[in-house]
Amino acid sequence: MISSHPEIELAGFIEQTCLKPTATADDVRQMCWEAQRYRFAAVCVAPVYAPLAVELLHKQKPQVFTVVGFPLGLATAPCKLFEAQEAAARGVTGLEVMVNLGAIKSGHYNAIYEELGQIVDAVGCEVRAILELNLLDATERRHVAEVCLDVGVTALKTSAGWSGPVRPEDILGLRRILRNQLGIKVAGGIHTLNQALELLAAGANRLGTGRGVEILREQHALGKTA
């Protein structure tokens, strides 16, 4: 969590993202170039482009994340485990695993624990859990956050990007549950400097967006750099 004061260098909080279904290899190359140029914290790409991103960013500062069970989380646990192991073997820094929202809605939290636990135990890289925060009520958010605290993931990601942006107050509530034990990555609908600053002030650690360059340019144009 950071101060709401705008005079911070945002690049270290941004994970430049390219998960659109029409993404091409050239799109990924451009994104990785931007990530190096602007010193973003990481990139996040679809599994098919993970090897390319790893190759392009080898020994560079930006980390490489890819997704598992994306975007709905409805693959079987063995399928997700295989996908996770394959991605880890290709050298990514970390995985973002879409959880089964139906299991949450049904109160089957043991299934979430077992699915994530198998992946955490099987791979030697960082594992994050993707929720759709806007589709979960307060009780569901608390229960699934507690599962994630217990199972060994390193962070929660608020959305796969299809249920709309979250509000700063949502992040404040999630941060109260997690305290400082897990990271929070906000994704979906982050387009402006003010949005980025508000979410970070509320307790987010990372921002997943395809508009990182535009946000930094907005910051620099306003003279809001460190």
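Residue numbering: from 1, along the chain as shown.
The backbone N, Cα and C atoms fix where each Cβ goes, glycine too.
Feature annotation from Swiss-Prot assigns active site, proton donor/acceptor to Glu96 (among others); the stated evidence is sequence analysis. Cβ neighbour count for Glu96 (active site, proton donor/acceptor): 26 (other Cβ atoms within 10 Å of its Cβ, all protein chains included).
Positions annotated as active site, schiff-base intermediate with acetaldehyde by Swiss-Prot: Lys157. Other C-beta atoms found within 10 angstroms of the C-beta of Lys157 (active site, schiff-base intermediate with acetaldehyde) number 29, with every protein chain shown included.
Of all Cβ atoms in the protein chains displayed, 24 besides its own lie within 10 Å of the Cβ of Lys185 (active site, proton donor/acceptor). The active site, proton donor/acceptor annotation in Swiss-Prot covers Lys185 (among others) and rests on sequence analysis.
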Cα of Lys157 (active site, schiff-base intermediate with acetaldehyde) to Cα of Lys185 (active site, proton donor/acceptor): how many Å, rounded?
5
